[in-house]
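Taken straight from Swiss-Prot:
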type	residues	note
ACT_SITE	Cys79	active site, nucleophile
ACT_SITE	His181	active site
ACT_SITE	Glu183	active site
DOMAIN	1-206	domain 'Glutamine amidotransferase type-1'
Amino acid sequence: MIGIIDYGRGNLRSVEKALWKLGYPAKVLESPAELMAVKGIILPGVGAFADAMAALEEKGWIQPLIHYAHSGMPFLGICLGMQVLFEVGEEHGEHKGLGLLPGRVVRFPAGRKIPHMGWNTLHQEKPCRLLEGIPDEAYFYFVHSYYVASEEQEILAGMSDYGVPFPALVGRDNVWGAQFHPEKSSPWGLKLLENFGKWVNEDATVSSHRS
């Protein structure tokens, strides 16, 4: 079972529907106590960085999410859910993120229409399990005004460009994030969600064999 975190800032039902369509059971989690019942989680999100962190704090999600990330189980952030994985966001002042990945979330420079909205290509920087079966320069759907700035090359799996190059798929170990919306990016976004579902199933199988 894949859990989708409900903190009042995400496109929950479309992600849930996409996973079920792909054959991967999913449920929306309304409280941290439900984390124990799932083998992987997705943190969606739309809106402002500061509002998202405030909502996560208000609903008691922050420490449970950090603990879950450290447990080694698959964790995927989508759009704003990817951005809050990082250390600091600069939207409406400087705000602390979850700190699971190194970097800052900054505004696109002037000169381009903001938000960056629509289809854009993903240039694959390195192989990763989420990109298995997806061609280089495949198109994905984006909606965002801020982007991640990180000097940690190791976490950059895919890049896109909107006046400046920006990380579109990031991660290491079990914590990953997609700046685009895979649930709106058929067919390749659904392939990425399928790869995540396979990873969750494989990880759960390995864990059950160990126990």
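Cβ coordinates come from backbone N, Cα and C, glycine included.
When secondary structure is read from DSSP and collapsed to three states, Glu183 (active site) falls in the helix class. For the domain 'Glutamine amidotransferase type-1' (1-206), the predicted model reports an average pLDDT of 95. All chains included, 21 other C-beta atoms sit within 10 angstroms of the C-beta of His181 (active site).
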